[in-house]
Amino acid sequence: MKILVINCGSSSLKYQLIEMNTEEVMCQGLVERIGLADSVLTHKNPIGKKYVVNGKFTNHKEAINIVLETLLDKKYGVIQDINEIYAVGHRVVHGGEKYSNSVLIDDEVLCHLEECIKLAPIHNPPNITGIKACKELMPNTPMIAVFDTAFHQTMPQEAYIYPIEYSLYEKYGIRKYGFHGTSHKYVSQKLGEVLNRDIKDMKIISCHLGNGASICAIKDGKSIDTSMGFTPLAGIAMGTRCGNIDPSISTFLIEECGYTPEEASDSLNKKSGVLGISGVSSDFRDLEKSALEGNRRAKLALDIFYYRIRGQIAAYAAHMGGVDAIIFTAGIGENSSITRKSCLEGMDFLGIKIDDKWNDVRGEIVEISTEDSQVKVFVIPTNEELMIANETLEVLNNI
Ligand code: ADP
């Protein structure tokens, strides 16, 4: 049984075709520069052979069309008939308060997704365009929406209500939603499998550290708090995003520094975080190298990054009344042993101890805590595509 996973960005589209019986990725690819004259599809089949199609894909429908043609291609494709695709799982960034689970997409769901555009004006429109394009091209194939926000719908009110005028929540839905839910859910479930334990009686802190980064407190298998907020700008410092700052800074930028609202938003989303502090890069490989070579601001950027993660972990341990396990995942979490070590430095007071030998690992499931550490610390590579495919299947099995 094959499931196609689609992740549509504003000018890009990522896809994977997964054989669910074996969880094998049959092929994967990326269409970039959709809408521009020099669009390109890069497709990889199971043995990693690359196939590139250059062209002009004016919109997401044309992009999906070329993806389907490629899947069916005699030489590079992996299926003979489009009906071999059992269902399509779509990553959707924002499901608002309406969706705490993945859902079969019908006209009513599409209407709700359009209502959520105001909450995610950059992300939801391409997600919806992708769904509509797929529906047109594959009218008989079930489509499932898997939301980044859904996993966090279990947060209690004290975690998601902001201390601002309550009417703003009631009227505009201004509250914490949280993101990266698919990843936090995947790695916490994987931890349960690895430990052969039911996570329903565990306290877990999941650190998804990529370009975008968020931390999630998972108690009894449910998200009870997470660091991203109303938008993915909140929380810990990130590659280019500021994370939590005094909200007056945005009005100060506009009123005193002469920024337009767009420039202020651009500054906090794209020119802040470790890039903004260091002036070097948002990429941790560059930053770690620069800091080692003595660049003071690169070191400061990294120190701020670690400091905020440490504080968030401690806060979540307090909210859960302890912590049994910490997970590191995503680009930085899976690859940077320096980050993992530095974030957890001095946290033996919480029973957290890292083994340097085990911590010297990259991109595989490994327990990196010492034998006498009360808290188990794991590196667990995330797999959002597989999680989306699993959720897609689950929705269909429960209909
Ligand atoms: P996203 O999906 O949010 O774009 P990823 O999860 O792919 O991000 O993470 C990308 C980041 O991972 C890069 O910007 C880089 O900082 C970091 N990264 C990747 N490999 C390494 C490495 N070997 N050492 C340190 N950081 C790494």
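In case you wondered, yes, glycine gets a Cβ from its N, Cα and C as well.
In TrEMBL, annotation is done automatically, which means it is predicted and not curated.
Lifted from TrEMBL, the feature list:
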- ASP148: active site, proton donor/acceptor (ACT_SITE)
- ASN7, GLU384: Mg(2+) binding site (BINDING)
- LYS14, HIS208, LEU209, GLY210, ASN211, GLY212, ASP283, PHE284, ARG285, GLY331, ILE332, GLY333, GLU334, ASN335: ATP binding site (BINDING)
- ARG91: substrate binding site (BINDING)
- HIS180: site 'Transition state stabilizer' (SITE)
- ARG241: site 'Transition state stabilizer' (SITE)
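Closeness to ligand 1 is met by ASN211, ASP283, ILE332, these being the binding-site residues among LYS14, ASN211, ASP283, ILE332 whose Cβ falls under 6 Å from the molecule. Here the recorded positions are LYS14, ARG91, HIS180, ARG241, ARG285, and the one ringed by the most other CB atoms within 10 angstroms is HIS180. ASN7 (Mg(2+) binding site) has its Cα within 10 Å of the Cα of these recorded positions: LYS14, ARG91, taken from LYS14, ARG91, ASP148, ASP283.
Reported as a whole number, the C-alpha separation between HIS180 (site 'Transition state stabilizer') and LYS14 (ATP binding site) equals 17 Å. Closest in space to ARG241 (site 'Transition state stabilizer'), of the recorded positions given as ARG91, ASP148, ASN211, GLU334, GLU384, is ASN211, taking the CA atom of each residue.
Cβ-based crowding with a 10 Å cutoff singles out ASP148 as the top-ranked of the recorded positions ASP148, ASP283, GLU334, GLU384.
With all protein chains in the displayed structure included, the most crowded Cβ environment within 10 Å among the binding-site residues ASN7, ASN211 is that of ASN7. When the Cα of ASP148 (active site, proton donor/acceptor) is compared against those of the binding-site residues ARG91, ILE332, GLU334, the shortest separation belongs to ARG91.
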